[in-house]
């Protein structure tokens, strides 16, 4: 179906749709949300591509992938990583781009057109994005603190002669016969823990100490940049990403060349890529690969929905998904060489094995290990400056995407209040994010960052992504979704994509996380903090069942009207069958059963067999819930 040039009212439905020879010989009505003249649009195609790449390629590509790779078998880890990308990550990435481009709306209001009872997913996404902004921008503030500190002839984490150093500080560079024991601390480690964080002034989460005004000033500057990049919409953010999304690649290339010329660099590369094939038989390796590709590509955060909603209707989102996913994965792989050439150099200088200097992970890899290597190179000031500029720009891109997901979702849901007040709304959002980040700026702020990272995002976003995939593939229907793609691209998605969306990708999400003990440095989180973490995780996910209950209560009609149907479904006392009846009532399935070639027909036929009654089909076909489909 060709896109209409004339503007239609927001949320309007077209009754004309394409026919799908693969499913039915008759035309299938397809709802098409046409692009309105008032909605922002990307100025150029590259603005969109750079925004998506900038969001997907973040600090995790630099610190998480290299560590996960060498920990899980080196070069052998690339096998499960590629498999999980092909069958899990890329299909979900493609699905979100297509959904956002077709329905042209954010993560909340899009559920009016997919399955209204799952609208709570949109609210959960917004809450999770808020939690991310509370801690992620603090990490960027740390990088800005390092950036400022780098403007010195001698980098402050080079020696042990500073006020924050202790007797355990051991500088092994340019010295012979240096004794290194379990209590030894490098100058870079003490600079990070005792000068940047001042974590020694905190007893843990029970006493996080005061706010570090230096970090608060850094965070204020970060949010100022974020505000003026987002306040006018994609027309301003689309220009900013030309710098923030491309500069990291220039810096990575420079650091790669410099690292490759250092003595001992080859040791790091061998350690990074040397395959340990026996690791492939460990379940944890495949779970780590699934988690890495999911958090790297970023489906489920609502960002891809928001960014693609500003695309032209006929934009080739399939090609965009393949290109951006490939760029993301190659960036992660390239970052491993940048990191491990430096680790090989450090091992050469310490006269130890690479594994002895590759123990740091997460932010410590970027704020301790890598700065330590840079500090002892010729031209250390220059390389330190460009390295932390790269970190700041990598972080800013992801922040742009995360906050744009909230902005687009809320403004599309409440256009009557916010349509002409974007600048004010963005300002309010930035202020809320800044205030929510204050706890991460304290002496014990690193403990709060770790807690929010593990519980505010971890399992919650995977559960949200799982429900989103199920809602689109099984409730909205793979046939309808395929027709949507046909109306945009002119062809249907292949069998591979359909199988992934229906079965493989949801299974991929189901195994993407495993619980792990929570620990930072030598601090073990107390049991009460783990309970707080679960509460934080539940505070986002709870909006899904809450909205379901709200929808059931406030939808016109009553549960008594489906009691006979529920009784037939629950023959034999099966509680899940009762739940199925309620979900069917609120998923507008009755109207979809009447569509020629509907994918729900064979599924309901299966239920008829299971329930041993022909009347199930009759009752389902008589349910009318158009008000549920059209009302929020």
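Each residue, glycine too, has its Cβ placed from N, Cα and C.
Taking Cβ-Cβ distances under 8 Å and a sequence separation of 6 or more, the neighbours of residue 394 (Na(+) binding site) in its chain are 57, 58, 59, 61, 62, 248. TrEMBL lists 54, 56, 57, 61, 296, 328, 394, 397, 398 with the feature Na(+) binding site.
Sequence-distant contacts of residue 169 (disulfide bond), defined as residues of its own chain at least six apart whose C-beta falls under 8 angstroms from its C-beta, comprise 160, 185, 186, 187, 190. The feature disulfide bond is assigned by TrEMBL to 160-169.
According to TrEMBL, the region 'Disordered' annotation covers 1-32.
Residues or ranges marked as transmembrane segment by TrEMBL: 48-66 (among others). Nonlocal intrachain contacts for the transmembrane segment (48-66), taken as residues 6+ away from its ends with a CB within less than 8 angstroms of a stretch CB, comprise 42, 97, 139, 234, 237-238, 241-242, 244-246, 248, 272, 292, 295-298, 303-304, 307-308, 310-311, 315, 320, 323-325, 327-328, 331-333, 335-336, 338-340, 361-363, 365-366, 391, 394-395, 397-398, 400-402.
The transmembrane segment annotation in TrEMBL covers 78-99 (among others).
Summarising the annotation, TrEMBL assigns transmembrane segment to 120-148 (among others).
Among the features that TrEMBL reports, transmembrane segment is placed at 211-230 (among others).
What TrEMBL lists as transmembrane segment is 242-266 (among others).
The transmembrane segment annotation in TrEMBL covers 286-310 (among others).
What TrEMBL lists as transmembrane segment is 322-347 (among others). Residues 49, 52-53, 56-57, 61-63, 65-66, 69-70, 78, 81-82, 85, 89-90, 93-94, 249, 252, 255-256, 259-260, 262-272, 293, 296-297, 353-354, 356-358, 365, 369-370, 372-374, 377 of the same chain lie 6+ residues outside the transmembrane segment (322-347) yet bring a C-beta within less than 8 angstroms of a C-beta in it.
According to TrEMBL, the feature transmembrane segment maps to 382-403 (among others).
What TrEMBL lists as transmembrane segment is 424-449 (among others).
As annotated by TrEMBL, transmembrane segment applies to 455-477 (among others).
Among the features that TrEMBL reports, transmembrane segment is placed at 489-511 (among others).
Here TrEMBL flags 531-550 (among others) as transmembrane segment.
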With the greatest number of Cβ pairs under 8 Å to the transmembrane segment (120-148), the stretch among 78-99, 424-449, 489-511, 531-550 is 424-449
Per the Cβ under 8 Å criterion, with at least 6 residues separating them from its ends, the transmembrane segment (531-550) contacts 117-121, 123-124, 127-128, 131, 451-452, 454-456, 458-460, 463-464, 467, 518, 525, 586
Within 10 angstroms of the C-beta of residue 296 (Na(+) binding site), the count of other C-beta atoms across all shown chains comes to 22
- Task: Answer with yes or no whether the transmembrane segment (424-449) touches the transmembrane segment (78-99) by the criterion of at least three Cβ pairs under 8 A, sequence separation 6 or more.
- Result: no
Per the Cβ under 8 Å criterion, with at least 6 residues separating them from its ends, the transmembrane segment (242-266) contacts 46-47, 50-51, 53-54, 57, 331, 334-335, 337-338, 341-342, 344-349, 377, 383, 386-387, 389-390, 393-394, 396-397, 400
Ranked by how many other Cβ atoms lie within 10 Å of their Cβ, the recorded positions 57, 160 are led by 57
Apart from the site residues 54, 56, 57, 61, 296, 328, 394, 397, 398, the 8 Å Cβ neighbourhood of the Na(+) centroid comprises 53, 55, 58, 60, 298, 331
Given the transmembrane segment (489-511), its same-chain partners at Cβ distance under 8 Å and 6+ residues beyond its ends are 20, 22, 84, 87-89, 91-92, 94-95, 286-287, 290, 294, 314, 316-318, 462, 465-466, 469-470, 472-474, 478, 481-483
